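Copied from Swiss-Prot, the annotated features are:
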type    : residues                                               : note
BINDING : GLY108, ALA109, HIS110, GLY111, LYS112, THR113, SER114 : ATP binding site
Amino acid sequence: MTHYHFVGIKGSGMSSLAQIMHDLGHEVQGSDIESYVFTEVALRNKGIKILPFDANNITKEMVVIQGNAFPDNHEEIVRAHELKLDIIKYHDFLGHVINQYTSVAVTGAHGKTSTTGLLSHVMNGDKKTSFLIGDGTGMGLPGSDYFAFEACEYRRHFLSYHPDYAIMTNIDFDHPDYFKNIDDVYDAFQHMALNVKKGIIAWGDDEYLRKLDVDIPVYYYGFKETDDIYAKNIQITEKGTQFDVYIKGEFYDQFLSPQYGNHNILNALAVIAISYLEDMNVENIKEALITFGGVKRRFNETKVSNQVIVDDYAHHPREISATIETARKKYPQKDVVAVFQPHTFSRTQAFLNEFAESLSKADQVFLCEIFGSIRENTGDLTIEDLINRIDGSTLIDENSIDVLEKFDNAVILFMGAGDIQKLLKAYFEKLGVKNDF
């Protein structure tokens, strides 16, 4: 048994990885900021100790896992060096862990977490699968043959991984504080593709994914008959979305997903492709797909009277559009109200017009102050720059949250990757609703 200390244990990936090592029988603790982060619930439920940052947390015979947001001059990392301990970066450690399994990486600019959550749930319907999801959820199942995990492209961290399979949901320009342009993003994915051992499952409509140059098979999925795996005869029902799946031009089977929106059908196709390639029982896969309940902060719903209140991680224009589309398809008779908190100044600056365009698809828009990151907490623009681009939009905070009560028959979308949950919590308190994130 190894004693692990995670520096930045509340980070979504770090939280997941800490839970996995705990499940596999190791002693695990970690440190982070003292303010509430939704990932800490799962850690506390497993009895994993969360400490405030302090050099004295680091003791002899520990292995220290260093979160990517924390520099080498962090007090705990400095102490670990003084004690000559093993210090391993998060992505390097995860790269080591996956080598023990048949591994499936899920990467892409958008849809990673939802697809990884679906993949782990569906695969566990047929084969024991450990998993790491970017919503702070992780599980290490002793005796697992498979490992499903989320692989982030930021700073090319995913190049530490050599998975058996990779699902690539899309390539898009994001993280403008690191990537120069879309070609730089493509270069990162091309290099990641070269690390994959058995096969790549990629969205067929993505022009950049179509250019991948590898020696292993690439299976494209989508809605076109030219794709290797595609969906036809899509029907939206009260139970969800039903569709037929064709593989290499031949009918495979009919599936029902409890989710709505084309992006969720695409996620399901990618997962079905993996199960097909690994010869999993299709009846088990169908049954598992029906019972998928979603992942944290991805269209998580709470119904209060005639309002549907949604907590969602959407923080890029395309993700916002997809979330609004889901609300429209699932609740066509309701208005859609967007409450959005931009995440990082660099992303807000880079996609200012795109944010305005995607948010304008809602019936009413409320905006919060821009949320900075640990690496970047100031910028040259303000939230007023976005407000001025969206007709009828207005600023909202915890003190003015009661304005949302006037939208009687509506879906209220709380979207963002920062601390938008503070507003959501304030609104629930205003409504007298108890909700544990």
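Easy rule for this one: first residue shown is 1, then count along the chain.
In case you wondered, yes, glycine gets a Cβ from its N, Cα and C as well.
Overlay of Swiss-Prot feature records on the structure.
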{"residue": "GLY108", "record": "ATP binding site", "contacts (Cβ under 8 Å, 6+ apart)": "THR115, GLU153, ILE167, MET168, THR169, ASN170, ILE171, TRP203"}
{"residue": "ALA109", "record": "ATP binding site", "contacts (Cβ under 8 Å, 6+ apart)": "GLU153, THR169, ASN170, ILE171, ASP172, PHE173, ASP174, VAL185, HIS316, ARG318"}
{"residue": "HIS110", "record": "ATP binding site", "contacts (Cβ under 8 Å, 6+ apart)": "THR169, ASN170, ASP172, HIS263, HIS316, ARG318, GLU319, ALA322"}
{"residue": "GLY111", "record": "ATP binding site", "contacts (Cβ under 8 Å, 6+ apart)": "THR169, ASN170, HIS263, LEU266, ASN267"}
{"residue": "LYS112", "record": "ATP binding site", "contacts (Cβ under 8 Å, 6+ apart)": "VAL106, GLY134, GLU150, ALA151, CYS152, THR169"}
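Look at the Cβ of each of the binding-site residues THR113, SER114 and count the other Cβ atoms within 10 Å; the largest number goes with SER114. DSSP gives GLY111 (ATP binding site) a coil state; it is part of no helix or strand.
In sequence order, VAL106, THR115, THR169, ASN170, GLU319 are the same-chain residues whose CB sits within 8 A of the CB centroid of GLY108, ALA109, HIS110, GLY111, LYS112, THR113, SER114, the residues recorded for ATP being left out.
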